[in-house]
Amino acid sequence: MYHVLFLENLVKMKLLFVSALLFWCILDHGASGVDIDGVSVKEGDSVTLHTDVKTKQQEKIRWYFNDTRIAQINGDHHKICTDVQCNEGTERFRDRLKLDHQTGSLTIMNINTTDAGVYKLLISTSSMDSEKSFSVTVHEVPDVERDKMKRKSAKEGESVTLDSDVVKNPNDLKVWYFNETRIAQISGDLIDICTDVQCDKGTERFRDRLKLDHQTGSLTITNINTTDSGLYELQINSSRFSIIKTYSVSVTAVPDSAAAAAVAVSAVVVVLLVAAAGVIYYHHRRSIQARKNGKKTLQDQDQEIGEEESSLIEAEASQMVAADRKSLDQTQTPQMSFPGEESTVHAKTQSTGADGEESTVHAKTPLTGTDREKSTIHSNTPSTGTDREESTIHAKAPSTGTDREESTIHAKIPATGTDREKSTVHSKTPSTGTDREKSTVQAKTLSTGTYREESTIHAKTPSTGTDREKSTVHSKTPSTGTDKEKSTIQAKSPSTGTDREKSTIHSKTPSTGTDREESNVHCKAPSTGTDREESTVHSKTPSTGTDKEESTVHAKTPSTGTDREESTVHSKTPSTGTDKEESTVQAKTPSTGTDREKSTVQAKTLSTGADGKESTVHAKSPSMGTDGKESTVHAKSPSTGTDREESTVHAKSPSTGTDREKFTIHAKSPSTGTDREESTVHAKTPSTGTDREKSTVHSKTPSTGADVEESTVQAKTPSMGTDREKSTVQAKTPSTGTDREKSTVHAKTPSTGTDRKKSTIHAKIASTGTDREESTVHAKTPSTGTDREKSTVHAKTPSTGVAKGARVNQTETKRIK
């Protein structure tokens, strides 16, 4: 009885607390209860939406865009996903989402107009849920204008201004970075301002050449030089979001005065050489004419000496030109011009019938400093029918430091029907340190009908330490009708220590109609010690109509010692109408010693209309000594209309020695209208020796209007020797107007030998207005020999106006032998 009153008071207090909490939420957040922050950005920018929290193990952070989940992270990192990892088939952001593992903040990179809308953040904990929204507006920017804003070119000595292009806000903090090093900073209230070495000691590379606009936060670099080329980043930080803008600056060198003087000297020497050659040619023509006339002039005599002198002058001039050219080569800058070079080699071999052609194009562009070379080899071999073409492109761009090489091999072999093409792209970008290689192999074999495509992408980014590799294999076999695709993504991030691998296999077999997809995600995070593996198998078989999906999640977190495994099997069989889902969750936490297992089976059978659900929860906590098990069975049978639910709760607590079991059955039968609920609670407490059992049966029958509730409480306390049993039966019958209640209390006390029994019957009959109450008390006390019984009957009948009372007292004293 005391336990029931305590639980009722506890429920009332909880309801009062929840009501007060809801009232506060309405006052604080308005009717909707959701905060909305607005942020406006331009195409190509990146934006970070802050959560203002640090993730904890019990927290669950989810991001939604237009009611579609796009990102999620749990406090223990056993569930992390973005974009297509969260929802298959919804890859709209394409690797442009980034989650902060410490705060759960979401970054959208290289944003575009289709990303505009409302982003909803939902943070769930064991005690409450919180929600807030961000309204993101994206302004469209033409490509030409965007390139003009993002890419800046200048010559040495000039000034370059990087515009922030935002309105001043006193709460914003603008921070400029060059190659991930902070070089300038300004707050909206102008309290926090710094440039170069003032921001980070030991980074004085610009030497008072940076200027900040105090109104807009724009950055100007004066007297710029080639070492200032690279990527600049502006972060505009506020309390709820951050905007990130990037700029690419390219600086080209200017020829110095020595180079200009060398060019002038070369020009003078060339003019002198031309003049000398003219004089020599003139004298040479006159000498020939004189010989024809048979004369030998003084000029002829001088010519013999002059030719010797001119040859010496010409040799000396050649040496000067060579020296000038060497000087020019040493001082040459990208602004000087180089002609292009193109060569072709064509060869035929009659003995084998081979016809080969090789061409090379080499070009340099002084304005941008680009050095590009393209070579092509094309060969035909009639004896084998092979037609092979190989091309290679190699390009270097000093302005950005990019070194890119692309090669393609295409071969056809008519004898086997093979058509194979392989391409490789390798690029390096020193400004970001990125080293990226992509290779693709595509092959067709007409004889077997096989089509196979294989691609691999490998990228390394030293600035972030990321090492990412993605491979895809796609094959088709017409003979069996199989269409199979396998992809693997492996990424390592030294900064966070994360090692993530995801593989997917998708296959279709038309002969059997099977459509099978299997995916596996394995992730390790050394920072938290989490080791998480997730696998999914989805298969469809049209011949039987079976649609089966099986998923498994296994996560280990050494920091907390948690070992959690979750598996789900969902299958549909249209032939029998069965829809079955089975899930199991098992978690172990060594720090607390908790071992928890939950299993659920839900099945629907359309042919019989049955809908059944069975769940079991088993938890052990050695630290508290608790061992609890809870099971539920819920079944619906449309054919009979029965709705039955059965639950069992069994708990053991070694600290108090309590062993408690509660059993409940709730059944509804529409055919008879019966609604019956039966519950039993059995508890044992060894410390006090109490053994208590309470059972309750409540049933309603609409056809007769009967409402019957029967309860029994039996308690034994060996320490006091008490054995007490109380039963109550209450029944209402609207058809006759009867309201009847019967209660019985039976108590035994071995210490005194008392045996007491009290029964009460209370009945009301609405049709006659009768109100009758009958009570009986029977007590025996062997120590005194007393045997006492008392009965009372009280009845009222309003129709006759009679109020009758009767009392019978009987007392007997017997000597105890």
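Heads up, the Cβ atoms here are built off N, Cα and C, so glycines get one too.
All annotation found in TrEMBL is predicted automatically rather than curated by experts.
According to TrEMBL, the signal peptide annotation covers 1-33.
DSSP labels the residues of the domain 'Ig-like' (142-250) in these numbers: 14 helix, 48 strand, 47 coil. Residues or ranges marked as domain 'Ig-like' by TrEMBL: 142-250.
Residues annotated as transmembrane segment in TrEMBL: 258-282.
Here TrEMBL flags 291-817 as region 'Disordered'.
The compositional bias 'Acidic residues' feature in TrEMBL is assigned to 301-311.
Under the heading compositional bias 'Polar residues', TrEMBL lists 440-450 (among others).
Per TrEMBL, compositional bias 'Polar residues' is recorded for 488-497 (among others).
According to TrEMBL, the compositional bias 'Polar residues' annotation covers 584-593 (among others). Taken through DSSP, the compositional bias 'Polar residues' (584-593) splits into 0 helix, 6 strand, 4 coil.
Counting residues 6+ beyond its ends, the compositional bias 'Polar residues' (711-720) has Cβ neighbours under 8 Å at 1, 688-697, 726-728, 749, 751 in the same chain. Per TrEMBL, the feature compositional bias 'Polar residues' maps to 711-720 (among others).
Taken residue by residue, the compositional bias 'Polar residues' (728-737) breaks down under DSSP into 0 helix, 6 strand, 4 coil. Annotated compositional bias 'Polar residues' per TrEMBL: 728-737 (among others), in sequence order.
When the compositional bias 'Polar residues' (440-450) is classified with DSSP, helix, strand and coil residues number 0 helix, 7 strand, 4 coil. The DSSP breakdown of the compositional bias 'Polar residues' (711-720) into helical (H, G, I), extended (E, B) and coil residues amounts to 0 helix, 7 strand, 3 coil.
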